[in-house]
Amino acid sequence: MYGNYSHFMKFPAGYGGSPGHTGSTSMSPSAALSTGKPMDSHPSYTDTPVSAPRTLSAVGTPLNALGSPYRVITSAMGPPSGALAAPPGINLVAPPSSQLNVVNSVSSSEDIKPLPGLPGIGNMNYPSTSPGSLVKHICAICGDRSSGKHYGVYSCEGCKGFFKRTIRKDLIYTCRDNKDCLIDKRQRNRCQYCRYQKCLVMGMKREAVQEERQRSRERAESEAECATSGHEDMPVERILEAELAVEPKTESYGDMNMENSTNDPVTNICHAADKQLFTLVEWAKRIPHFSDLTLEDQVILLRAGWNELLIASFSHRSVSVQDGILLATGLHVHRSSAHSAGVGSIFDRVLTELVSKMKDMQMDKSELGCLRAIVLFNPDAKGLSNPSEVETLREKVYATLEAYTKQKYPEQPGRFAKLLLRLPALRSIGLKCLEHLFFFKLIGDTPIDTFLMEMLETPLQIT
């Protein structure tokens, strides 16, 4: 095709100067336009006999260099130009090129592809003529296309997998012929013995497969250790101990019934909350690593989450109560009392979104403790000196809770997710309760005790 280079060749008009294209404590969150320049279109050589000169029509198809999917190409490209005739009287002689001879010699290689729009014309990206530049893309075992260097030898995926299986399973093969079978792309599966021997002869290393297996095992063990270290560092037993240590004894409630509450239900709730705030500090100190934080960060976390922590506690305590809640003081607050006091809406949400859900899934004390620890370790609390440390502690509680649910309730694979789904409801209800408390504090009709008043003096939760 490229035989006679002494022929005169015609080029498209403007070949010498092809134009280029130019491109033109509160819950608060923690927290290249490149130009693609198309490559100049290169004219393609074509044979033109001396006796019958022809004019070559150029199809202007600029080629854009491939880049990242995030690159923005801003150059405005016009439509392809039409056929351009060469100016009369201008004939150019195509100089002989040793590179063109290389193209002739490897014209069957897959490296040579036709230029888009001009079928039959080889592209100008000539392969290197250095020894081995083409061989390295061929599988040394069967001659198929190589996918890279595997176990010391350039090989295809098929021969790589065959050698790895042979070594890992310690397979032994036999040859039915004379141990000199031809191994190529079409017949590589006919004799496993000769294929394996050729792998060894070409330089594949058994120890490379064994080292790869060892690295995979070590990586798996390391990942397993990382997964278990989270709940070993935050043992669920200690979280359960913290819950049991501060929970009022059920026998202290006596035989109190719904009628024991003689005062306004809101007053009873505020009084119980004030008492529970003292025990809340003791509970937090028993949670692993909480006391390791700075004193300032401990105060910030308690101020940011005290309302949600108390609501979670009395909601879980009330799962056995019919249509009401059980306070830490032993008093019951019935739904009807809450409605008469003007807090029926938020009371109904507590019963529906928290108490009822906890009862349906039979949430145990360990799960309750983990959920409360997740609320406690809030990395978004405003003013923390080291939010990343708090976030790490929260992630450890996540890992502990997930491991616990998988081990204790293997028949409920979605239990961990169900538990976490209670947190948004707890957050929303906690904010609404704060609004009520601030209202009662503002109007002054409800007596609010000292500790609770101190918490309300810094309204961190209102966002």
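Yeah, the Cβs are placed from backbone N, Cα and C, and that goes for glycine too.
Look at Swiss-Prot and you will find 136-211 tagged as DNA-binding region. Residues in the DNA-binding region (136-211) partition by DSSP class (helix H, G, I; strand E, B; coil) as 30 helix, 6 strand, 40 coil.
The annotation compositional bias 'Polar residues' is assigned in Swiss-Prot to 21-33.
Per Swiss-Prot, the feature domain 'NR LBD' maps to 231-459; the stated evidence is sequence analysis.
Per Swiss-Prot, the feature region 'Modulating' maps to 1-138; the stated evidence is similarity to another entry.
What Swiss-Prot records for 18-53 is region 'Disordered'.
Mean pLDDT, taken over the region 'Hinge' (205-230), works out to 68 on the 0 to 100 scale. As annotated by Swiss-Prot, region 'Hinge' applies to 205-230.
Under the heading zinc finger, Swiss-Prot lists 139-159 (among others), citing sequence analysis as support.
The zinc finger annotation in Swiss-Prot covers 175-199 (among others).
Long-range Cβ contacts of the zinc finger (175-199) within its own chain (Cβ-Cβ under 8 Å, at least 6 residues beyond either end) map to 139, 141-144, 153, 155, 158-159, 162-163, 166.
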